[in-house]
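Take a look at the structure below.
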Amino acid sequence: MLDLIQTRRDLHQIPEIGLEEFKTQAYLLDVIEKLTTGKDFVQIRTWRTGILVYLQGSQPERTIGWRTDIDGLPIVEQTGLPFASQHQGRMHACVHDFHMTIALGCLERALEEQPKNNLLFLFQPAEENEAGGMLMYEDGAFGDWLPDQFYGLHVRPDLKVGQIATNTHTLFAGTCEVKIRFKGKGGHAAFPHEANDALVAASYFVTQVQSVVSRNVNPIEGAVVTFGVFQAGTTNNVITDTAFLHGTIRALTQDMSLLVQKRVKTVAEGVAAAFDMEVEVELKQGGYLPVENNPALARELMDFFDEKDGIELIDIEPAMTGEDFGYLLSKVDGVMFWLGIDSPYALHHPQMSPKEEVLAIGVAAVSSFLKKKAAE
């Protein structure tokens with residue numbers, strides 16, 4: 001039987017960033033091959049650093065998918081744990097080591113007997129940086145294994161051990177990276193009339209773009225426009241010719257995201273026109289679409305967990321954080337949910353150290369749900 005805690009600790013020591021998860025993939029494949037030995041209803045495929053494990057059903061009517069992400073973050077770990085990261089500047093601060101371990105535990109249980117329906121376990125790379133789910137889908141990695149229903153989880157520090165939370169609508173916002181560069185004309189600070197100050201134009205844009213959320217977004221739906229980087233100029237007595245802004249757009253539906261993207265671009269172009277200068281606007285959403293749960297499937301999952309002993313189900317509000325599972329759920333009906341890990345530290349914190357008793361709880365809960373879906 002798989003030692004969940006040791007497996008998690010092994011994975012915790014070898015975090016790798018997106019599409020560089022070579023040791024992680026090798027470790028996972030070794031475990032998967034041991035678990036699947038002698039199981040003639042199992043097939044395994046790889047895609048770059050990703051892995052797909054397909055359990056052929058005995059009388060399949062559909063394919064049920066379970067997705068886990070496998071990448072780490074470029075963070076220096078500060079937990080002081082004896083099994084801390086052995087990769088300098090890399091850490092499983094988003095707790096994907098837990099996600100992988102739970103998936104392996106569920107795979108082990110699913111292999112006890114051939115399921116009626118097909119089951120697909122996806123070990124997906126590059127959730128944090130490259131939208132690996134989108135890359136796999138667009139590259140045809142699923143082939144004829146593409147699920148009819150897709151499920152997945154993410155751990156959450158502010159939920160207690162034993163709590164599961166989701167809803168019947170949007171769980172994560174869609175995110176879009178924004179880069180804007182104003183191009184004016186540089187000059188001496190004493191002669192502003194001979195220059196065209198990109199810093200002033202960019203500053204004007206920052207104030208004007210605040211109207212997008214306050215005046216273009218339905219307050220009930222919500223959206224966020226935040227610029228965290230503003231770079232302009234090199235010294236105090238020179239008018240700069242360029243100003244660079246780097247920010248993010250977040251919205252709970254794709255329609256709202258597209259509206260906000262359009263308005264941000266329009267405001268930037270309007271400001272540039274008013275100041276008689278050029279502007280470049282780069283909007284990059286990629287695969288980070290809103291994670292929109294299928295209402296009927298979400299209700300089914302919520303009802304199932306609500307009746308499970310040891311599980312407290314919470315109907316939770318959406319989070320404005322992003323998650324690339326949204327892309328796959330835009331192609332396949334499915335559900336994502338939160339699993340409580342009761343940590344004082346937020347996700348991506350260098351001291352993140354979740355409670356390991358969650359592993360057994362997660363495996364028991366998820367495997368029982370997948371068993372139900374596989375038998376329908």
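Don't overthink the numbers, they just go from 1 along the chain as shown.
Glycine residues also receive a Cβ, built from the backbone N, Cα and C atoms like all the rest.
Reduced to three states, the DSSP call for D69 (active site) is strand. Shown in sequence order, H96, H99, Q124, P125, E127, E128, G132, D324 are the residues of the chain, 6+ apart in sequence, with a C-beta less than 8 angstroms from the C-beta of D69 (active site). The active site feature in Swiss-Prot is assigned to D69; the stated evidence is sequence analysis.
E128 (active site, proton acceptor) falls outside any helix or strand according to DSSP and counts as coil. Among the features that Swiss-Prot reports, active site, proton acceptor is placed at E128.
Around the Cβ of E128 (active site, proton acceptor), 21 further Cβ atoms fall within 10 Å across all displayed protein chains.
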